[in-house]
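Feature annotations, courtesy of TrEMBL:
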type	residues	note
COMPBIAS	152-163	compositional bias 'Basic and acidic residues'
COMPBIAS	179-188	compositional bias 'Basic residues'
DOMAIN	32-121	domain 'PPIase FKBP-type'
REGION	152-188	region 'Disordered'
Amino acid sequence: MGDVIDLAGDGGVLKTIVRRPKADAIGPSEDLPLVDVHYEGTLAETGEVFDTTHEDNTVFSFEVGKGSVIQAWDIAFRTMKVGEVAKITCKPEYAYGSGGSPPDIPPNATLIFEVELVACKPRKGSSLSSVSEERARLEELKRQRELAAAVKEEEKKKREEAKAAAAARIQAKLDAKKGQGKGKGKGK
């Protein structure tokens, strides 16, 4: 559906957006490093599904950037926003490498994951104030955008009124000239 994005720069982690997130969606950050994801992993060679959260409708949670998941996931989820669905193709060096992950993943396997970023959360025990501040900042940005849109609409309305007034003045002058021309013609 979308373009293929080379996230690692060497073709090792490729991302294709399947469903774009909403424009105001958030992504993982220093304040929101914990992510909840849905995924389905398949072997590129056979198309065989080796793991999925869809069967039992669970979410998988991890902290981005801590090395608790395959490197491809740490790279890919940093680029995602909540609600986004993407296809991530992972070369072995960004997945399970030459050892694989027996019995499901053979050595040197290229993996394809369809992933959805469901949520981003703060670390357990960390202050929610930073999250509240981020939410407040986003609300302020939204308010500013709405205000700017209202100002633009008002300016557009004024321009249209000015155009209408100018057109009316021109029409009045034309009408006056027509009236003068008729009067002069009749008087001669």
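Any Cβ shown, glycine's included, is placed from N, Cα and C.
Beyond the compositional bias 'Basic and acidic residues' (152-163), no same-chain residue lying 6 or more positions past its ends has a Cβ under 8 Å from any Cβ of the stretch. When pLDDT values are averaged over the domain 'PPIase FKBP-type' (32-121), the model yields 94.
Mapped onto DSSP classes, the compositional bias 'Basic and acidic residues' (152-163) shows 12 helix, 0 strand, 0 coil.
In the domain 'PPIase FKBP-type' (32-121), helix, strand and coil residues by DSSP number 13 helix, 37 strand, 40 coil.
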